[in-house]
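Asks: Please read through the structure below; I'll follow up with questions.
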Amino acid sequence: MDPEGLALLLPPATLATLAESWLREDCPGLNHMALITGAASSQAVLWAKSPGVLAGRPFFDAIFAQVNCQVSWLLPEGSKLVPVAKVAEVRGPAHCLLLGERVALNMLARCSGVASAAAAAVETARGTGWAGHVAGTRKTTPGFRLVEKYGLLVGGAASHRYDLGGLVMVKDNHVVAAGGVEKAVRGARQAADFSLKVEVECSSLPEAAEAAEAGADLVLLDNFRPEELHPTAAALKARFPNVGVEASGGITLDSLPQFCGPHIDVISLGMLTQAAPALDFSLKLFAEGATPVPYAHCS
């Protein structure tokens, strides 16, 4: 999927609401620095100072739109960043530009970090010859899920279910609460009706077979070691060839190749959103007629 087209997934009203909430969090009252900077028209350059994948342009635009500033992008969404890279220019009243600065940089650094981790995971998986789906999870930052799920997509990974309503996933605690796998799956099938798939987290082949027999569309083999995972998936597929198999649980970029196999359809990694390092960006103002530089120098 072309990363440039992914912006169409994001409702403008949702973007505006998120941007407004982030700005309000950072400055809920008086902005004392506005008296120092004033309202004169100013310009700044966005610099990327670490390698990775650029992601988060629609959110960046929405933040600066809230403070009456205009962004001109020099690189497309999904670009591979080679530092130091000039990414964008931002223009507007000085106090507004600086009001949006930290909020926009925080968002862009984290969104790009997720996209970079996702891209690395997809590249690693494809390097093994595996053609399944590398996916994220619901292990996201509260209030920041849309950005992180979007970052996964820019990086080429699948976002997995966005929320509890996107897929009926029966996990171990649901099985305990329902009184067994079969009861849990039957209840899930009734809740899902025709519009949603049902996935069941399983810890053994008998449990996975019971889930598939009861009508699960997908089976999540959770916390399996690779040497156990592949024979279990093969045995399950032999009996239920139409059931999707997902592997998850503690998988890292280093261990990912061990989980890629012909009977695995999806590999989900919580670390893509939980442990992705933020990229380093800076926004530097420059005077009219001056040459923009990525670092401030003291004389």
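Glycine is no exception: its Cβ is also placed from the backbone N, Cα and C atoms.
In TrEMBL, annotation is done automatically, which means it is predicted and not curated.
Taken from TrEMBL, the feature substrate binding site covers Arg102, Thr137, Arg138, Lys139, Arg161, Lys171, Glu201, Asp222, Ser248, Gly249, Gly250, Leu269, Gly270, Met271. According to TrEMBL, the domain 'Quinolinate phosphoribosyl transferase N-terminal' annotation covers 37-112. TrEMBL lists 114-284 with the feature domain 'Quinolinate phosphoribosyl transferase C-terminal'.
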Asks: When you look at Arg102, Thr137, Arg138, Lys139, Arg161, Lys171, Glu201, Asp222, Ser248, Gly249, Gly250, Leu269, Gly270, Met271, which the record names as binding substrate, what is the longest CA to CA distance in angstrom?
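Replies: The widest Cα-Cα gap among those binding residues is 40 Å.
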Asks: If you count other Cβ atoms within 10 Å of each one's Cβ, which of the binding-site residues Gly250, Gly270 has the most?
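Replies: Ranked by Cβ atoms within 10 Å, first place goes to Gly270.
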Asks: Determine the minimum-neighbour residue: among Arg102, Arg138, Arg161, listed as binding-site residues, which Cβ has the fewest other Cβ atoms within 10 angstroms?
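Replies: Counting other Cβ atoms within 10 Å of each of the binding-site residues Arg102, Arg138, Arg161, the minimum falls on Arg102.
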